[in-house]
Amino acid sequence: MDPKGLLSLTFVLFLSLAFGASYGTGGRMMNCPKILRQLGSKVLLPLTYERINKSMNKSIHIVVTMAKSLENSVENKIVSLDPSEAGPPRYLGDRYKFYLENLTLGIRESRKEDEGWYLMTLEKNVSVQRFCLQLRLYEQVSTPEIKVLNKTQENGTCTLILGCTVEKGDHVAYSWSEKAGTHPLNPANSSHLLSLTLGPQHADNIYICTVSNPISNNSQTFSPWPGCRTDPSETKPWAVYAGLLGGVIMILIMVVILQLRRRGKTNHYQTTVEKKSLTIYAQVQKPGPLQKKLDSFPAQDPCTTIYVAATEPVPESVQETNSITVYASVTLPES
């Protein structure tokens, strides 16, 4: 191919690409300015620029529409009004307010479904001007939270994996940095995870997790070394076992002492009963007038002897009964 022809073809392709980048289907403009706002807040969309604002007085009709994409052939009408006519705008949807003085569209309590392309058309007698912009809504990011997801200790070093998370926010980007450092830490693919290997020389290190999206940012600091300190319960389990063993021994000693005390009380009661046993000797003699008659019976003892062993009452705890023996000598009456 002729070099001049090749150059001409290249120029034509360049113009085609430039035209396609500026216009979509039906000649719609593609390079719409992008407006970023916070989700849920009131949004004001300036649907104009200086040149359109100057020619607004010559317009006979204004239409504001919204589309989910520039390639979509269907648009939702939001505002339709004639500047020369008095009265409120027509077809004004809920939560919308149009300010004619500066051609600004207000959206109350913005929602995700409000995202899209907003187009304003100014119709004149013989011409039409169009202006568009793209609205993107983002949820504000909350304060991040840093947690230790994994910890290992070996040879005096501590290896940690930190995780940084947020409860609220979309399209969130994460970055890590050290408070005393001059250069940010760069985990793989700006991950919310950070791996650290620390030693005693890093005891004062403080790390910062920063979260951000196109409309907001927030950060949180974290000192990991306190979580790496040696836990006595982990490194000295023998102390726990020694304490348990000592407790068991003390319980056994107390049980033995109680048993010995009970046996001592029982022996004391038995000894006391034996010591306090009394023997009573009683002698009974018949009246005097019979003394003469009894002389004829020298072999018989005129006296009666009674032996009685008396004991004190036995405590209730002692169930053994003591027997009482009575020895009596009885003489026969005189016939």
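Count begins at 1; order follows the chain as displayed.
Using N, Cα and C of the backbone, Cβ positions are placed for all residues, glycine too.
The site 'Interaction with measles HN protein' annotation in Swiss-Prot covers M29.
What Swiss-Prot records for N53 (among others) is N-linked glycosylation site, and it gives sequence analysis as the kind of evidence.
Residues annotated as N-linked glycosylation site in Swiss-Prot, with sequence analysis given as evidence: N57 (among others).
Counting every protein chain shown, the Cβ of N102 (N-linked glycosylation site) has 11 other Cβ atoms within 10 Å. DSSP assigns N102 (N-linked glycosylation site) to coil, not to a helix or a strand. The annotation N-linked glycosylation site is assigned in Swiss-Prot to N102 (among others) on the grounds of sequence analysis.
According to DSSP, N125 (N-linked glycosylation site) sits in a coil region rather than a helix or strand. In sequence order, I60 make up the list of same-chain residues 6 or more apart from N125 (N-linked glycosylation site) whose Cβ falls under 8 Å from its Cβ. Taken from Swiss-Prot, the feature N-linked glycosylation site covers N125 (among others).
According to Swiss-Prot, the N-linked glycosylation site annotation covers N150 (among others). Following the DSSP three-state reduction, the secondary structure of N150 (N-linked glycosylation site) is strand.
Every protein chain shown contributes to the tally, and the Cβ of N155 (N-linked glycosylation site) ends up with 5 other Cβ atoms within 10 Å. Annotation source Swiss-Prot lists N-linked glycosylation site at N155 (among others).
As annotated by Swiss-Prot, N-linked glycosylation site applies to N189 (among others), with the evidence given as sequence analysis.
Under the DSSP three-state reduction, N217 (N-linked glycosylation site) is assigned to strand. Among the features that Swiss-Prot reports, N-linked glycosylation site is placed at N217 (among others).
Regional average pLDDT for the topological domain 'Cytoplasmic' (259-335) in the model is 58. Taken from Swiss-Prot, the feature topological domain 'Cytoplasmic' applies to 259-335, supported by sequence analysis.
Annotated motif 'ITSM 1' per Swiss-Prot: 279-284, in sequence order, evidence recorded as experimental evidence.
What Swiss-Prot lists as phosphotyrosine is Y281 (among others).
Taken from Swiss-Prot, the feature phosphotyrosine applies to Y307 (among others).
The annotation phosphotyrosine is assigned in Swiss-Prot to Y327 (among others).
Non-local contacts of N217 (N-linked glycosylation site) by the CB criterion (under 8 A, 6+ apart in sequence, same chain) comprise V141, T210, V211. The Cβ of N150 (N-linked glycosylation site) has T159, L160, I161 as same-chain neighbours under 8 Å, each 6 or more residues away in sequence.
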